[in-house]
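Colleague: Got these off TrEMBL a minute ago, pasting:
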- 539-553: compositional bias 'Low complexity' (COMPBIAS)
- 589-601: compositional bias 'Acidic residues' (COMPBIAS)
- 11-235: domain 'Cdc23' (DOMAIN)
- 539-624: region 'Disordered' (REGION)
- 310-343: repeat 'TPR' (REPEAT)
- 344-377: repeat 'TPR' (REPEAT)
- 412-445: repeat 'TPR' (REPEAT)
Amino acid sequence: MDPPVDLKVVKQDILAGIVECEKRCLLQCTKWLAELNHGLADTPLELRGNSAFENVHSGIEASEYDSYLLAKSYFLVREYDRSAYFTRNCLSPVPKFLHLYATYMSKEKKRLDNMTDSSVVSSVSHAKDFAELLSILRTEHSKDSLDGYCLYLYGVILKKLDLNDIAVRVFVEAINAEPTLWSAWLELAPLVNDKRMLEGLKLPNHWMKSIFEGYTYIELFQNDEGIKIFENLQKNGFGKCIFIPTLLAIAYSNKRDVDRSIDIFQHLQSVDPYRLDNLDSYSNLLFVKDMKTEMSHLAHKVVEINKYSPETCCVVGNYYSIRSDHYKAVMYFQRALKLNPRYLSAWTLMGHEFMEMKNTNAAIQSYRQAVEVNKRDFRAWYGLGQAYEILKMTFYSLYYYKAAQQLRPYDSRMLVALGETYEKLNKVADALKCYQKAYNVGDIEGVALYSMAKLYEKQGETEKAIPAFLKFCSDEKLIADKASLCHAYMTLGNYYEKIEDLDKASYFAYKCLDYEEMKREAESLLKSIANKRAHKATTSAAAAAANPSGAGKSTEEEKPTPEDVPAETYGEDMEMDETNLSKRIEVAMAEEEEEQEEEAGTSELAESSDMPEFHMEDSYDVNE
């Protein structure tokens with residue numbers, strides 16, 4: 001989709017949209033459009049005589065205007081029943097929508113107020129609550145008498161009743177009728193399941209389509225496509241619209257480019273210091289980076305702005321969580337949910353806190369509610385998998401990990417979790433596929449290769465395990481779990497000792513001496529290597545003694561030259577380890593052999609002109 005070229009046309013559309021949404025009390029959509037309009041402040045537009053403002057009173061019959069004004073004032077102070085009552089007989093488009101919208105808001109408010117447990121998102125009574133309103137809208141829709149705004153309301157109710165296929169069609173109708181109605185685009189986005197479905201929607205060729213596509217790609221975790229669209233929009237005049245960099249920050253966060261995401265949020269804070277939207281995402285990033293000081297500043301700041309907003313409660317909950325005060329964190333997440341029972345972040349984060357508190361059942365309940373709010377929340381599915389894994393309910397765990405992996409197909413954490421679950425169920429082939437894919441997509445935690453190698457080792461397929469262990473050990477600085485690294489070194493040392501590659505075996509054995517838990521085993525392996533080297537030296541000496549005429553030549557050939565020294569990393573470490581245990585053992589054994597040879601008085605060996613060569617060979621073997 002090519003970005004809009006004429007920003008004046010864009011701004012004119014936005015102003016017209018603001019007027020229409022304001023008349024109908026669609027407050028969130030009005031706010032969003034106003035923010036977008038402010039970002040285009042550098043685009044000049046003549047306001048006097050502007051057609052957008054000529055429509056301020058359009059859609060309202062003169063005879064209904066007084067009732068409309070009264071109903072609007074009641075709506076704005078949340079007296080929805082009064083608002084609906086005074087517009088009950090209105091037929092013109094704006095008061096008619098206000099009547100239906102006030103009726104909907106009244107039903108929704110009462111439903112939430114009457115919920116016996118505010119910590120549960122209930123959908124059981126939706127059909128009963130909205131039956132009458134749904135019947136009116138369905139009848140009107142069949143007569144094609146609904147405008148874009150009423151279609152949007154119809155779609156919202158269908159979505160609440162899980163009639164998603166019909167809801168998608170209705171939202172598309174609403175968008176085609178009113179392209180600047182951002183609320184309709186926003187409700188449609190979670191119903192888009194994949195890229196193919198997105199491309200198949202019959203959406204208007206409008207500049208809003210680009211914003212919607214970028215937003216939906218990020219919702220689908222196809223972050224590169226979303227970033228490309230929003231960066232393109234920034235270049236074409238939307239750079240100061242605060243919504244665009246916010247979505248870019250979320251996309252970079254999804255890609256685990258945490259530092260870049262934090263930088264964007266910090267810039268947004270300087271531009272709009274009293275903005276609370278998406279600050280829960282910012283606090284999550286500070287939590288991941290363990291930035292306690294910044295988290296503290298943010299928590300104090302949001303409390304000063306608005307103590308009773310869900311975003312504030314969520315930020316404060318994260319603040320207590322980073323301090324490991326899990327009980328207080330849960331309390332603040334619960335406060336956020338009392339203010340907004342469908343606040344996704346609070347459900348998911350509360351589940352994490354219950355997991356920290358070892359309250360698995362409460363965690364499962366929280367994660368289930370998060371999934372109820374948004375079935376695309378991979379963190380909730382992954383949390384459910386972890387919870388059932390703790391309860392040793394492996395098949396349940398497998399189901400939830402699969403759901404998480406389908407949402408994040410290129411996230412190695414999901415693949416590793418899935419692989420471990422398959423391994424527990426003894427599905428070795430599936431587990432190996434998961435580990436291999438996790439490594440191919442970029443192993444975030446650096447455990448996929450180790451898990452794959454361990455599984456090969458467990459199956460007795462050592463030849464396949466060794467390359468995996470070697471790759472795993474190739475960059476030891478990036479490996480956090482030193483116990484795994486030590487096990488890999490020990491396995492490699494034993495393997496190379498077994499196939500008589502004593503240089504490599506010695507290299508990996510020395511590596512293990514740095515770890516206390518493997519030190520004894522490593523010393524034992526080094527003794528075994530020393531014995532084998534000594535045995536080789538003795539065998540070589542005996543062979544040379546048996547064939548004195550060729551001894552000088554053979555030993556001369558065996559002397560190492562610079563070209564023979566392998567260019568691997570093993571050499572340097574071996575030189576550094578000269579003073580270690582292996583050298584002392586080998587020197588002692590060599591001395592003992594020499595004493596035995598002298599006592600035996602082997603005249604042939606003593607008289608041999610190649611005696612210095614044998615000493616050189618002995619010396620080289622020890623120092624190698």
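Cβ atoms here come from the backbone N, Cα and C positions, even for glycine.
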Colleague: So which residues does the repeat 'TPR' (412-445) touch in its own chain, when a touch means Cβ under 8 Å and the partner is 6 or more beyond its ends?
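Modeller: Hits for the repeat 'TPR' (412-445): 256, 378, 382, 385-386, 389, 394-395, 397-398, 401-402, 404-405, 451-452, 455-456, 459, 480.
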Colleague: Same chain only, please: residues at least 6 beyond the ends of the repeat 'TPR' (344-377) with a C-beta under 8 Å from a C-beta of the stretch. Say none if there are none.
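Modeller: Here the qualifying positions are 119-121, 123, 190, 219-220, 280-281, 284, 310, 313-314, 317-318, 321, 324, 326-327, 329-330, 333-334, 336-337, 383-384, 386-388, 390-391, 407.
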Colleague: Is it possible to list how many residues within the repeat 'TPR' (310-343) are helical, extended or coil according to DSSP?
Modeller: 27 helix, 0 strand, 7 coil
Colleague: Let's see if you can do this one: DSSP helix, strand and coil counts over the repeat 'TPR' (412-445), in that order.
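Modeller: Helix, strand, coil within the repeat 'TPR' (412-445): 26 helix, 0 strand, 8 coil.
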Colleague: Please average pLDDT over the repeat 'TPR' (310-343) for the predicted structure.
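Modeller: Summarising the repeat 'TPR' (310-343) by its mean pLDDT gives 93.
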